[in-house]
Amino acid sequence: MDDSGPAVRPNGIVAVLAVAGIVAAFMQTLVVPLIADLPRLLHTTASNATWVITGTLLASAVAMPMIGRLGDLYGKRRLMLACMVPLIAGSVVCALSGSLWPMIIGRGMQGLGMGMIPLGISALRDLLPPERLGSSIALMSSSMGIGGAFGLPIAALVAENTNWRVLFWGAAALSVLVAVLIWLLVPAVPAQAKGRFDAPGAVGLGAGLVCLLLAVSKGADWGWTSGTTIGLFAAAAVVLLAWGWWELRTRDPLVDLRVTARPQVLLTNAASVVVGFSMYAQSLIAPQLLQLPEQTGYGLGQSMVAAGLWMVPSGLVMMAVSPLGARLSAARGPKVTLICGALVVAAGYGSSQVLLGHAWGLMLFTAICGGGVGLAYGAMPALIMSAVPQSETGSANSFNTLMRSIGTSVSAAVVGAVLSQMTISLGGHALPSENGFRTGLAIGCGVAVLAALIALTIPGRRAAAAAREAAHAEPSTEPVA
């Protein structure tokens with residue numbers, strides 16, 4: 001079978017992969033308008049209904065490193081098309097669901113397809129000339145912000161005015177469209193990596209991540225000191241340590257930890273965790289402030305559709321700054337762009353302390369944060385790809401995306417814990433207090449500053465180039481499987 005695909009058309013490739021990013025982000029926000037109604041729709045409890053979101057998180061986290069490595073071994077276009085299968089099938093399963101378990105399975109299948117995003121970013125390195133790479137990476141990274149920003153009000157409008165199943169049928173149709181566009185416009189490039197797929201490493205990393213993310217995402221429900229939560233954290237530590245031992249000794253590791261330990265890669269991944277945290281914190285806080293009743297004194301009483309529309313400018317700004325970030329990276333290096341992005345996010349959080357109380361103020365705060373996130377998200381893949389061999393681009397970018405996902409999971413847990421502990425009573429219901437929101441915003445600001453400090457320690461372009469040359473000059477110490 002000929003898998004060469006169409007001829008290289010840079011503009012078409014970038015456009016298709018940007019659309020893919022928008023659709024993937026839409027998949028993640030798809031169920032947000034349904035959260036309150038899921039217990040009734042699926043005949044279950046509110047606690048069990050949260051597995052509809054948790055299942056997607058776990059599946060995507062486990063799948064990303066595997067899909068990235070498979071893309072390096074067997075071709076990124078082939079794996080992107082393969083990722084569309086669970087996205088389409090999962091959407092259909094969700095659309096046909098009438099109870100909890102089919103919905104969880106369908107959302108898990110959608111999560112498996114999320115690995116196409118780091119694959120798409122990695123494919124840009126194979127397909128585009130170097131002078132187009134920076135701007136294209138920035139555009140694709142920012143397209144996910146557009147999908148998230150527009151996804152919420154669109155999903156809310158559909159959920160309010162039609163049957164909720166239309167959301168998932170629409171998601172299936174969008175996924176089919178993306179698959180056709182990839183097939184028609186994205187050419188294949190021969191796989192760069194050699195060797196075999198590390199199945200034991202995939203099982204080990206998957207098991208460790210499931211334990212870690214289950215503990216983080218469900219700790220508030222189960223209790224942070226409960227035996228289940230502590231046991232999962234302990235199991236995650238043991239399994240991930242054993243996984244690291246294996247990865248350092250096998251001939252064809254799932255994740256090359258020696259490359260991952262290079263300062264530029266290690267510190268960029270660390271920055272990804274904290275940038276992911278600060279990005280997600282504001283997306284948790286702002287919609288709640290917009291929708292809380294005005295009787296609280298700080299809530300703005302907006303509908304979900306209106307709240308989503310107030311958040312749209314953040315996605316637009318995120319996309320608008322992508323060419324500026326690419327120019328800055330070309331002139332000064334992606335390290336400087338990452339630092340600037342983190343500082344802009346911190347400035348956005350700082351401004352929030354005086355902008356609360358007005359819908360336009362929250363719009364301005366999230367737009368500032370969106371600009372910073374757009375700069376940072378475009379810089380991080382560039383830093384990763386400039387520090388790893390081309391044969392490991394897929395797995396390295398997927399691992400970086402995984403670090404960002406871990407940051408968002410921790411953010412949800414921390415912000416959720418703060419808001420659940422600092423409450424007021426209104427009409428017999430406990431609601432997050434204004435001080436709780438301000439505390440969450442202050443934490444987001446501090447974490448964004450931490451991201452800038454971590455980015456400052458990333459080696460500059462000359463130091464990174466020297467480190468790569470030294471690594472290539474070292475005698476081989478290849479382990480034996």
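One is the number of the first residue shown, and numbering goes on along the chain from there.
For all residues, glycine too, the Cβ spot is worked out from N, Cα and C.
Listed features, source TrEMBL:
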- 12-36: transmembrane segment (TRANSMEM)
- 13-463: domain 'Major facilitator superfamily (MFS) profile' (DOMAIN)
- 48-67: transmembrane segment (TRANSMEM)
- 79-98: transmembrane segment (TRANSMEM)
- 136-158: transmembrane segment (TRANSMEM)
- 164-185: transmembrane segment (TRANSMEM)
- 222-246: transmembrane segment (TRANSMEM)
- 266-285: transmembrane segment (TRANSMEM)
- 305-324: transmembrane segment (TRANSMEM)
- 336-356: transmembrane segment (TRANSMEM)
- 362-384: transmembrane segment (TRANSMEM)
- 405-424: transmembrane segment (TRANSMEM)
- 436-458: transmembrane segment (TRANSMEM)
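Just going by CB pairs under 8 A, the stretch in 48-67, 164-185, 222-246, 362-384 that sits most against the transmembrane segment (136-158) is 362-384. Residues of the same chain lying 6 or more positions beyond the ends of the transmembrane segment (12-36) and with a Cβ under 8 Å from any Cβ of it are 49, 52-53, 56, 80, 87, 91, 107, 110, 113-114, 116-117, 120-121, 123-124, 127-128, 132, 136, 139-141, 143-148, 150-152, 154-156, 158-160, 164, 167-168, 171, 174-175, 177-178, 181-182, 185-187, 304. Away from its own ends, the transmembrane segment (436-458) comes close to residues 263-264, 267-268, 270-271, 274-275, 277-278, 281-282, 284-285, 288-289, 298, 335, 338-339, 342-343, 345-346, 349-350, 352-353, 356, 372, 376, 383, 411, 414-415, 418-419, 421-423, 464 of its chain (Cβ-Cβ under 8 Å, at least six residues beyond either end). Against the transmembrane segment (405-424), stretch 48-67 shows more Cβ pairs under 8 Å than any other of 48-67, 164-185, 336-356, 362-384. Sequence-distant neighbours of the transmembrane segment (164-185) (same chain, 6+ residues past either end, Cβ-Cβ under 8 Å): 5-6, 9, 12-13, 15-16, 19-20, 23, 26-27, 30-31, 34, 37, 41, 77, 80-81, 84, 87-88, 91-92, 94-96, 106, 110, 113, 155, 158.
In this chain, the transmembrane segment (266-285) lies apart from the transmembrane segment (48-67): fewer than three C-beta pairs between them fall below 8 angstroms, excluding pairs fewer than 6 positions apart. The domain 'Major facilitator superfamily (MFS) profile' (13-463) scores a mean pLDDT of 91 in the predicted structure.
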